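This report refers to the structure that appears directly beneath it.
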Amino acid sequence: MDHNVRLALLVVLLFVYLFICAGMFHALEPWTDASWLKNSNFSFSPEDLRNSTAENRNATAPFPLVPRSYFESFFYMMSVITTIGYGHIVPVNGFAKFFTAISANFGIPLVIYILAHFGSKVSNLVLEGEDRFLRRVPGPYGRRTVTVMLVELFGLFFILMVPGSIFARLEGWNFADGTWYAFVSVTTIGFGDLVSGQRYAGVEADPNLPLFNFYILCKCCYILVGMTWVATLWFLIADVLPPVRPEGQQVQKAEEPEPEPVPRGTLLSNQA
């Protein structure tokens with residue numbers, strides 16, 4: 001099978017896995033659905049849930065802590081398998097916690113495998129451009145330094161600043177907050193101080209809007225693209241770093257080839 005086709009199938013498999021896991025996670029927390037909770041006589045309010053499950057965090061934080069819709073469960077699973085972990089949604093019952101742990105054990109290696117292949121392919125394309133356009137830069141380390149700086153500047157503008165301005169527009173943030181959210185997302189830091197999807201176009205987000213669900217899918221694709229940029233930088237830098245040896249291990253000297261045996265009588269005949 002062609003390598004590109006296999007990689008495309010892996011991406012499809014990742015999203016299918018996310019859709020299945022999101023559905024199962026949402027089914028494990030059916031009472032947290034926003035429309036069901038609103039139309040029921042359930043006496044346990046979201047504020048009570050926030051206070052009971054978040055003793056060590058700010059109780060006034062504007063996060064639901066529980067998925068309000070299926071697509072919020074989808075974004076929750078995306079934050080789990082990418083190890084971002086914003087903390088804006090958490091599993092409440094034991095079954096949901098156990099399922100999250102199991103799905104992460106399979107999803108995280110799949111994401112790492114896909115990112116490794118994407119980062120390798122993109123870095124190879126970048127290296128082809130380096131050989132073509134940076135020939136006049138002296139030294140291999142000089143060329144690689146310029147290449148890394150150009151890739152870094154490209155990502156700062158197209159991966160952080162441009163999406164950050166879009167987040168700021170849709171979420172009602174300023175430009176600095178939007179760029180900060182983009183940074184902590186693609187680097188998988190995920191502080192959780194800012195989480196997109198809580199507001200839409202400056203007003204409280206409605207998880208039942210189809211456009212809002214499309215927005216969540218776009219965010220998931222953006223996170224994968226941004227993490228690919230980070231993986232590409234890692235490949236470009238690691239390519240020129242010296243190999244790392246375990247502490248105390250000595251460098252083995254290359255064995256010198258043994259001289260070829262001289263046929264008996266040849267040396268004496270040459271001296272005669």
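A Cβ is built for glycine as well, from the same backbone N, Cα and C atoms used for every other residue.
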TrEMBL record, transmembrane segment, of the ranges 96-116, 180-200 the matching one is 180-200
Most Cβ pairs under 8 Å with the transmembrane segment (146-168), selected from 7-28, 73-91, 180-200, 212-237:
212-237
Any chance you could find the range in 73-91, 180-200, 212-237 with the most Cβ pairs under 8 Å to the transmembrane segment (7-28)?
73-91
Using DSSP, break the domain 'Potassium channel' (155-240) down into helix, strand and coil residues and give each count.
58 helix, 4 strand, 24 coil
Counting only residues at least 6 beyond its ends, the same-chain positions whose CB falls under 8 A of a CB in the transmembrane segment (180-200) are 62-64, 72, 75, 79, 82-88, 159-161, 163-164, 167, 170-173, 206, 209, 212, 215-216, 219, 222-223, 226-227, 229-230
